[in-house]
Amino acid sequence: MRALSVFFALFCFLALSSASPGQDVVKRVTSGSLQQVTNFGSNPSGTLMYIYVPKNLATKPGIVVAIHYCTGTAQAYYTGSPYAQLAEQYGFIVIYPQSPYSGTCWDVSSQSALTHNGGGDSNSIANMVTWTISQYNADTSKVFVTGSSSGAMMTNVMAATYPELFAAATVYSGVSAGCFYSSSNQVDAWNSSCAQGNVISTPEVWGGIAKAMYPGYTGPRPRMQIYHGSTDTTLYPQNYYETCKQWAGVFGYNYNSPQSTQSNTPQANYQTTIWGPNLQGIFATGVGHTVPIHGEQDMEWFGFAGGSSTTTTQPTTTSTTTSSGGSSTGTGVAAHWGQCGGNGWTGPTVCASGYTCTVVNAWYSQCL
């Protein structure tokens, strides 16, 4: 009998030892607590991964990627945001990435971070998502991303570089994707001009910058909800308008003609502007940096609670017969304001007479 017990113990040991590394990590993740995952796949930037698996895990769970602010950590965002508690209510998994840099801001400045599969922080975070989908049989139609401050910047970048992964995003006091771009390709660089609201452009330019981060992609893009405060002196309020311009440009909405504007929504002194089903902007009067997380509104936007669908739609394609919108002349020559170059650009590279192809950044050149 004793020999049989020893044999059984040895059998169990060998069975556990033969489990794949990924399976072993899942076994070690304790439901209801923040846990680190170290072997989620390729991690080119050395970003840390923490995960919260709720005790009330859905059979086919959704995923929320929650990205911290400068000076923050995964632990700080876990304790300071409502997503873990909401995960218990709705059964989704929360991924908390942690910046590898001193000061723990996110790299939203280097070309690697601003390019699909470019090898930066965005690449590492995307690999966390695909690992979690695989290990937990997650619902790929219910994957979302959110963040505050620097994490909000990265949220915009994730939506631009990996649109195929996310159904929707909420952005709390960030800047548009590419606004912090470093012309010297510096990793984790600060851009004072952008932060102070001095980088101003058109929806067409901003939208082109976002699209160029994943050249050739034509699939659905995440619905975007943008929050910003009117008294923000870290990332000035102009960044709200530029971010809304960017996503209006991506989705083909007329930025200057929103569908509706709602005062005191979702609360007093907040104004919600709706351009279409894929874009809402929420401007908080009297609020600084950052706008507090509105967890229940996030759940509605993500479709876990009543109020919003998680369905994404193809970007709207608009056309014009004039050159004022920056469209191609159709003869291989770009009109005034039209795109004429940038990473991944396959359209005309020559401007109409009287205009010069001017480099805005690595992803976008424009006829000016």
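Using N, Cα and C of the backbone, Cβ positions are placed for all residues, glycine too.
Annotation comment: Swiss-Prot describes 1-19 as signal peptide. The feature region 'Catalytic' is assigned by Swiss-Prot to 32-304. Marked as active site, charge relay system by Swiss-Prot on the basis of similarity to another entry: S149. The N-linked glycosylation site feature in Swiss-Prot is assigned to N191. According to Swiss-Prot, the feature region 'Ser/Thr-rich linker' maps to 305-333. The region 'Disordered' annotation in Swiss-Prot covers 306-330. The annotation compositional bias 'Low complexity' is assigned in Swiss-Prot to 307-330. Under the heading domain 'CBM1', Swiss-Prot lists 332-368, citing sequence analysis as support.
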The one of S149, N191 whose CB sees the fewest other CB atoms within 10 Å, among these recorded positions: N191
Looking only at C-alpha atoms, tell me how far N191 (N-linked glycosylation site) is from the residue listed as 'active site, charge relay system', rounded to the nearest Å. 14
Check N191 (N-linked glycosylation site) against DSSP and tell me helix, strand or coil, would you? coil
Summarise the model confidence on the domain 'CBM1' (332-368) as a single mean pLDDT, whole number. 69
